[in-house]
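What TrEMBL records for this protein:
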BINDING   Gly113, Trp114, Thr115, Gly116, Thr117, Gly118, Lys119, Asn120  ATP binding site
DOMAIN    283-340  domain 'Torsin-1A C-terminal'
SIGNAL    1-25  signal peptide
Amino acid sequence: MKLRRGALRAALALVLLPLLTPAGAVEPISLGLAIAGAAASALTGFISYPRLYCYFRECCLHRHDPRAAAALQQDLDKKLFGQHLVSKVVVKAVRGFLNNTNAKKPLALSLHGWTGTGKNFVSKIVAESIYKRGLQSKYVHQFVATLHFPHAHSINLYKDQLQSWIRGNVSICPRSLFIFDEMDKMHAGLIDSIKPFLDYYELLDGVSYRQAIFIFLSNAGAEKITEVALDFWRNGRTREDIQLTDIQNALSVSVFNNKNSGFWHSTLIDRNLIDYFIPFLPLEYRHVKMCVRVEIESRGYTVDEDIVSRIADEMTYFPREERIYSDKGCKTVDAKLDYYYD
């Protein structure tokens, strides 16, 4: 009886918590659901307070779910096309980091390639593998350069705001995920403001950033990636023959020296704080067709190969002579399907 009463008291405390806490601190939960949960806890005696609490609202991830890496691998294998390097590196990097109980620094991944090759898609899958709500999780934070940092004259203000935002969110949840999109459009020097958070410090003002994950998305370096891919193609080798060692160093140098990149002469690169520069290869005709098939199926239609070929044929390809790679990847597939399925 004591156990049941203790569980009931804990559950009731959880119900009352949102009512006793200032509005901005705790998100409200359904009173009916909370009471039902409290009753269940009291009856069974073995639903602990933390587990019950996290049942009703999202909690910061403190323990790694061993199924996350398998789900990440499965999603990438099923939904990402033509990116063997991405699938291999991202899974190993994320799995190894989440399994490491004594990481020396946060995980920093920089994804590079032409538009439509899957960079945003992969960051979404990574977020979903860590938190059930994925990009909608309150522990996943997205920054878009042209939206959040539009004015060059405000760069010092942006630096202060960015540091405060990261410091505040990691203080709440050490396993926070930060995604920076359009790094190629970010003002040079701005991203260096987060350098202390990516470095090998155990604590900064009493806060540890070693469990956080930073993902950067950029079109910068796409030319170098295409150059390597074309060299392999012209030498009769397949894209699957390309290894990370064939491209990663050249990619990081290319991004570092690109004046139109937010990473231009960045200390994050100079101090080797980016763990992996991950190349997204340009997509070929066959990959575009794969994207079309998946999108058709996702809409609940039977795949019509005639429509698949039509949409793939409507894409433009480069280089002009060889016409090997789609210049928009799979980015416009969804819009083109609207023409055939209204």
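For all residues, glycine too, the Cβ spot is worked out from N, Cα and C.
Curation does not apply to TrEMBL; its annotations are automatic.
Where TrEMBL records a feature, it is marked here on the structure.
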{"residue": "Gly113", "record": "ATP binding site", "Cβ contacts under 8 Å, 6 or more apart": "Lys119, Asn219, Gly221, Ala222, Ile225, Pro279, Phe280, Leu281, Pro282"}
{"residue": "Trp114", "record": "ATP binding site", "Cβ contacts under 8 Å, 6 or more apart": "Asn219, Ala222, Ile225, Thr226, Phe280, Pro282, Tyr325, Asp327, Lys328, Gly329"}
{"residue": "Thr115", "record": "ATP binding site", "Cβ contacts under 8 Å, 6 or more apart": "Asn219, Lys328, Gly329, Lys331"}
{"residue": "Gly116", "record": "ATP binding site", "Cβ contacts under 8 Å, 6 or more apart": "Leu283, Ser326, Lys328, Gly329, Cys330, Lys331, Thr332"}
{"residue": "Thr117", "record": "ATP binding site", "Cβ contacts under 8 Å, 6 or more apart": "Gly82, Gln83, Phe280, Leu281, Pro282, Leu283, Gly329, Cys330"}
{"residue": "Gly118", "record": "ATP binding site", "Cβ contacts under 8 Å, 6 or more apart": "Leu80, Phe81, Gln83, Val86, Phe280, Gly329, Cys330"}
{"residue": "Asn120", "record": "ATP binding site", "Cβ contacts under 8 Å, 6 or more apart": "Asp181, Leu217"}
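Apart from Gly113, Trp114, Thr115, Gly116, Thr117, Gly118, Lys119, Asn120, the ATP site neighbourhood in this chain, defined by C-beta within 8 angstroms of the site C-beta centre, holds Phe121, Asn219, Phe280, Gly329, Lys331.
Every protein chain considered, the tally of other Cβ atoms within 10 Å of the Cβ of Lys119 (ATP binding site) stands at 26.
The residues of the domain 'Torsin-1A C-terminal' (283-340), classed with DSSP into helix (H, G, I), strand (E, B) and coil, number 32 helix, 5 strand, 21 coil.
On the 0 to 100 pLDDT scale, the domain 'Torsin-1A C-terminal' (283-340) averages 94 in this prediction.
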